[in-house]
Structures are given as structure tokens and as C-alpha cells.
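Residues or ranges marked as [4Fe-4S] cluster 1 binding site in TrEMBL: 16, 52, 86. Taken from TrEMBL, the feature [4Fe-4S] cluster 2 binding site covers 161, 165, 168. The domain 'MTTase N-terminal' annotation in TrEMBL covers 7-123. According to TrEMBL, the feature domain 'Radical SAM core' maps to 147-377. The domain 'TRAM' annotation in TrEMBL covers 380-442.
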Ligand code: 5AD
Ligand code: SF4
């Protein structure tokens, strides 16, 4: 490599969309240090794993992934290897002990300190930062670069969580709930729109608990959505992930009245059993959740609902599981994520008696079969309907584009390549396992 060549950065992202956003921001921060992104670890000068600690499997994957980089490090001793994200936060120094080839460990609240950490590792030292600093990392990161980008973007508005569900590591890895000031978010959103973004997904571990500082007082998520609604050129707004107890009236109303807010809502319930919900510290009942769904559907009848479920939580009986199945039957989800309970050290539920893993496996299979049926039914019901598709990229077939409908279904359409980044009316003609196909009707003006 000649002196002028930029250094190459390979980031591998695990876990949630907040990590996707953080990886983009880390790449930008390291851009200041002369790094450009590469999509393979083979020619990288720095490899960063942006990790997830939510379930045991996700965390263990990191150690096996690191093992795979041994050969690369042996061939290129200058290669720097870093671990970021929630495993970094939870396991810190332990990572360097288990994998001595790791040069850098950075927790999710410290990414703005990456330039200094990079200088340290460039000198052959190790760097570790898993503080929860007073300063807000986003406010200490430079403005985002001005390069043109794709039509959809994530924007983190809130981090951390104060809910302390008994199974969850987030309050420990991401810390207490913090909301970014509204004006920063609006500036970042306008900037994204100037660079070609048409759809913004507001992110937060508990996004509907957002309560950022505004010029005349506190701003809620509904307020923020209405302010984003006024940005010309921004056509779609989404948000994730929400807690049922933070779905306030204004936010429910916005689903019926704000044209740019898309009819899709990810609203995890985790279980349909009141006993388990209580043991999980969810602070609501199954009936309250179902009533909430009724109100949301009252505001926006065609909304597509998505959820998260955990089976095999300590103490879950057959009846508790049947209650979860009954809740799913009652709600009808268009999309869902379901998991076997995974013990997370340091969380309250980790101390409790675990249930038989075979029983948990059987339950997971039954629940997933039901959720899959519902997902397929709702997708099939789209056939014959007209939807609006925001084209994101070229499809696999020549002349084909792929985009997302309002309901977040992937839709394949034959359309001119220059329609990427535009929204068009599409008639749905086909539903296959994971996507829809349709024919182009007309373009909708931006
Ligand atoms: N075990 C299994 N699933 C979990 N989740 C969070 N913690 C655990 C755990 N310990 C799931 C929840 C949450 C989603 C992001 O991950 O369903 O909503
Ligand atoms: Fe974890 Fe979500 Fe519960 Fe917060 S609300 S503790 S992030 S599951």
C-alpha cells in the first residue's frame, strides 16, 4: 500500500437497526481519520464488529467471528480489530482477555471518542472505552458528510431504556433512557432529505418514550412526527421500537391523521399471559394490549402490526403459552419476531428456575407456525390492491426495481431504473414467500 492510499475499514453489524445507524456514524467518524469503507474483511486495515448482546447466541457468535480473523491478523500484523456495541459494553476487558488480538473495545455511548482511540491503537496500544459519558455522543460527532445516499435512512432519536423488563439487557448495555434534542433531529432529517432520502425511520430502544428538549418545552414523539411532516421532500416517516405503555393518544391519532406516517407499527407484547407479563415486569395486561390495538386500528384500520414474542420464560406453563397463542389469534400480525427465552447474566429473570428447553422449542415452533400463517395471509390479501412503493434498488431481474409498500412489504416491479428513489402507485399481482410483485401504475409527485 502506498502512503497516499486511504486506510480501509470493514464494519460488520449485528442486531437491531440502532446498530445499523451506529455503524454508519462510526464509519463517518473514522472517515475523519482517513478511513474509507470496504465490504470485505480481507483487504481491511481495521475491522470493527458492531455487536448485539440481546440473546446468548448473538453474543457467542462474536467470539467465533473473532476467531476467524486470526489468519488475517497473522498475515497483516498492522490490522486493527475492534469490538463495538452491546457485547463491548457488557463484557469490556473480558473480550481482550478471551481474544488477545482485539485492539479496541468501544461501548455504544463512546463512539465519538473513536478518533482518539484509533490514534492509540495506531501506536500499538490497546484502547478500551465503555463509559456512559455525560456528553451526548451524537452532539460530539461532526455533522454527517454531504454525499448523496439511498432513499431510506434510519435516524436515532432516543437511546437506552428505563423499563427494566426482567429478561432484557438493554437497560444495562445501553443505559438510562436519553432523548436527543428535537432541533438536532430536525437538522439531521433535513440534511438527509437534501441528500436524497425520502423515508426516515426514527429509532430508539423505546422510541415512543421520546421526550426531547424543544425550543418551547418538551417534545413528544407525536410532536416530532408532526414537525418532520413539514419537511418538504420527506415523504415517509416510520418509527421503531415502541412499548405499549407509551402509545399516547396523540401518537395513536397521528396514525389516522398524518399522511406521511406509514401504516405499520411494531408493538412488542412478548407474552399473552397476564401472569407472565407480570413476571416479565411489562406493566400491562394482555387485555390492555388488545384494547390498545383496537384503538390504533380505530385510528388507522389498515395498519399492519408487528410484534416480538418470547416463549419459555421462567415459570411459563402450557396455559400461559396457550394465552400467547390466543393473543396472536386475536391480533393477527402481518410481521413478527419470536424467540426462545435466553438467560442474560445480571437480569432479574436469570436467577429464576428455567423451563425444559425441549418444551420451549416445541412452543417456539408452534408459535412461529401460527405467526407465519398470519403473515402469509395478510401478504396474500394484498394481491389485487393498489399500494404506493418507494423504489430502493435494482432487482435481480433486468428492468426490475425493488421497493417497499406503505406496509413495509418488499415489492418487485418492472420499472425504469431512473425511478429509484421515487414513489409510484403499483397494482399487486402476486404474493410469494417473502415478497410481493406488482405492475406499475403511475408515479406520485414528490
Ligand atoms: N431472551 C429472548 N429474547 C429476548 N429479547 C430481549 N431479551 C431477550 C431474552 N433475554 C427479545 C424481545 C425484544 C427483542 C428485541 O428481543 O422480544 O422485544
Ligand atoms: Fe428491553 Fe424493550 Fe423492555 Fe426496554 S422495553 S427493557 S429495551 S424489552
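Each residue, glycine too, has its Cβ placed from N, Cα and C.
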In the three-state scheme derived from DSSP, which category covers residue 16 ([4Fe-4S] cluster 1 binding site)?
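Once the DSSP labels are grouped into three classes, residue 16 ([4Fe-4S] cluster 1 binding site) ends up as coil.
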Round to the nearest Å and give the CA-to-CA distance linking residue 86 ([4Fe-4S] cluster 1 binding site) with residue 168 ([4Fe-4S] cluster 2 binding site).
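Each residue's Cα considered, residue 86 ([4Fe-4S] cluster 1 binding site) and residue 168 ([4Fe-4S] cluster 2 binding site) end up 12 Å apart.
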Among 16, 52, 86, 161, which binding-site residues lie by ligand 2, judged by Cβ under 6 Å to any atom?
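Listed by sequence, the hits are 161.
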Could you give the number of helix, strand and coil residues in the domain 'TRAM' (380-442) as assigned by DSSP?
4 helix, 35 strand, 24 coil
CB neighbours of residue 86 ([4Fe-4S] cluster 1 binding site) within 10 A?
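Summing over all protein chains shown, residue 86 ([4Fe-4S] cluster 1 binding site) has 26 other Cβ atoms within 10 Å.
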Which binding-site residues among 52, 86, 161, 168 have CB under 6 Å of ligand 1?
168
Rank the binding-site residues 161, 168 by the number of other Cβ atoms within 10 Å of each Cβ, and give the residue at the low end.
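Among the binding-site residues 161, 168, the sparsest Cβ neighbourhood within 10 Å belongs to 168.
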